[in-house]
Every structure is written in C-alpha cells, then in structure tokens.
Amino acid sequence: MPELPEVETVRRGLQPAMEGATIVRAETRRKDLRFPFQTDFVARLEGQAVTGLGRRAKYLLADLASGDVLLMHLGMSGSFRVIDAAGVTVPGDFHRPRGEDRVHDHVRFTMSSRAEIVFNDPRRFGYMKIVARSALGDEPLLKGLGPEPLGNEFDAAVLAHGCRNRKTSLKAALLDQRVVAGLGNIYVCEALFRARLSPRRLAATLAMKTGAPSERAERLVGAIRDVLNQAIEAGGSSLRDHRQTTGELGYFQHSFQVYDREGDKCRTPACKGAVKRFTQNGRSTFWCPVCQT
C-alpha cells in the first residue's frame, strides 16, 4: 500500500492540474470501488472549482468551492494519470503506463483546462468520498489520526507521549495511525534502522519515568523526518504498483538500507552484522540485530 511519501508525490503531481481549475465533468465507470460511490457523487463535483489539494496521512483532500472536500485514498493499487488537451500524459506523479490496463480506469475528471485526470485501480481497494468541510473533523476515516510526521506538531515529546503507556513493540506503535499518521512498513523499518533502534524494543521506552522524551525518541523523530523527506525527493518507492504520473518509477527503493535486503551486509560503517527478516504482527520486518538495540 502506498505510504506517506508516495501519496505526497501524487499530491504534488496532481496539484498543477487540479488547483484553480473547475471540474467540468465527473465520470464513474462502475458503481463502487472499495465502497459504493455516493448517489450524489457526480452532482456534487461537476461545476466545482478545486481551491486546494492537500494530504492527511495517506489521504488526498481536494477542497471544493462549494465547501465540500473530495477525499481520495489510493488503496493497494490505485494510481492517477494526468492527460492534457492533446491527449499527452503531462508531468505529475503516480500512474501506470497508458494503454496497459484502461479497463481499470474507474474515475475520470475533465477539468476546465481540458486536462483529464484518470484514476486507475485494478484491485479496487481505493475509494473516494465527498465530505462537507464543516464535518471533516468528525469523518470516521480521518478521526483519531495522529500527528503528521513532517508537521510542526510532531516532535520527540509528542512521540514519547503517544508511546509512554504502550506495551507493544516500537514497530507496532509506529504503524498505529493514532500514534503518528502516514507511516507504513517500509518507512518504519528504514527509520528504525537509521535511529539504531530495535523493532522489538518496547514502545514505552521512548519516554523516561518522568514522561519526558528519551534520547531514543529524539533520534527516532529525526530519522523519521529524514527518511520521509528523502523518499519524497526520490518520488517514493516503486515495488509493485507505484509510478509517477509521467509513468516514471519512484527511486527511493534504491536507497533502502534494510527493507527487502535480507542477507545483505549491514550498511552501518564498522558493523559486521547482516540484514535479517522476521515476521512481526503479520508483516515482514527487516533489521540489523547487531546495531539496532
């Protein structure tokens, strides 16, 4: 599933085509994706200007002039492509090659610029929903999400507070969207490696007995920010479904230190360990047991 860097890459790719333009036509080619489309989905989109395109965790949020917000989630295999008036895919981020799977083009927006934005989703785990801006705080899909890891509200004290009473592993806590929003398996493995922290470590050890953040929490926040920013700069990670809206792959997978590198030598200077893999809460965890403690 796309994680925060991939979704942010999508947002940046769609932004030039959507922001400031009006949705002239909205077309759904089936009655549902993961969930059924609202009965007034098309009517609430057509004729509306997109005043802003944001992101919350792994969700895209398009603000409409009507006061509604179009909430979009990529699911497992969802992707967007932007096509200009001449039928040429224009720069942006996150789509599959044109012509390969148009049968899976499920949603199409025609913009006032005559550009078209197409949502393709072979596995149909993605979804779209229109929510009134005034009700966004109570939206079940967003309610309860933790702080954005790249936002000003996220720091060592916030992370330590979110983990202080948890009896789960550190990795499990970081994957809990209530603790911090937008992280997934790839970037949690990478951040823990960079912070030299074991994924098996008890999450509560990020806080000292006084409740203040430990030095581990400081290291981990820095590592999370670094790995996410580097991944966004690289256009995300392309393992299975992720491509940029030009059809290009993201390149951060070439910078993985541990993820999907089982058996490789640890990349920490002077460390003689090797990357190991084990199953943790149903997911593969990659780490170096020598330098991650």
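Yeah, the Cβs are placed from backbone N, Cα and C, and that goes for glycine too.
According to Swiss-Prot, the active site, schiff-base intermediate with DNA annotation covers P2. In the structure as shown, the Cβ atom of P2 (active site, schiff-base intermediate with DNA) sits within 10 Å of 26 other Cβ atoms.
The active site, proton donor annotation in Swiss-Prot covers E3 (among others), and the record cites sequence analysis as its basis. Residue environment of E3 (active site, proton donor) contains 21 other Cβ atoms, counted within 10 Å of its Cβ in all protein chains.
Swiss-Prot lists K58 (among others) with the feature active site, proton donor. Same-chain residues at least 6 positions away in sequence with a Cβ under 8 Å from that of K58 (active site, proton donor) are, in sequence order, M1, P2, E3, L4, V7, H73, L74, A181, G182, G184.
Classification of R123 (DNA binding site) by DSSP places it in coil, neither helical nor stranded. Other Cβ atoms within 10 Å of the Cβ of R123 (DNA binding site), summed over all protein chains shown, number 13. Annotation source Swiss-Prot lists DNA binding site at H104, R123, R166.
Per Swiss-Prot, the feature zinc finger maps to 257-293; the stated evidence is sequence analysis. Within the zinc finger (257-293), the DSSP-based counts of helix, strand and coil residues read 0 helix, 12 strand, 25 coil.
Feature annotation from Swiss-Prot assigns active site, proton donor to R283 (among others); the stated evidence is sequence analysis. Counting every protein chain shown, the number of other Cβ atoms lying within 10 Å of the Cβ of R283 (active site, proton donor) is 14.
For R166 (DNA binding site), the count of additional Cβ atoms within 10 Å of its Cβ stands at 18 [all protein chains shown]. The Cβ of H104 (DNA binding site) lies under 8 Å from the Cβ of N120, D121, P122, each on the same chain and at least six residues away in sequence. Largest Cα to Cα distance within the recorded DNA binders H104, R123, R166: about 42 Å as a whole number. R283 (active site, proton donor) and R123 (DNA binding site) have their C-alpha atoms 20 Å apart, to the nearest angstrom.
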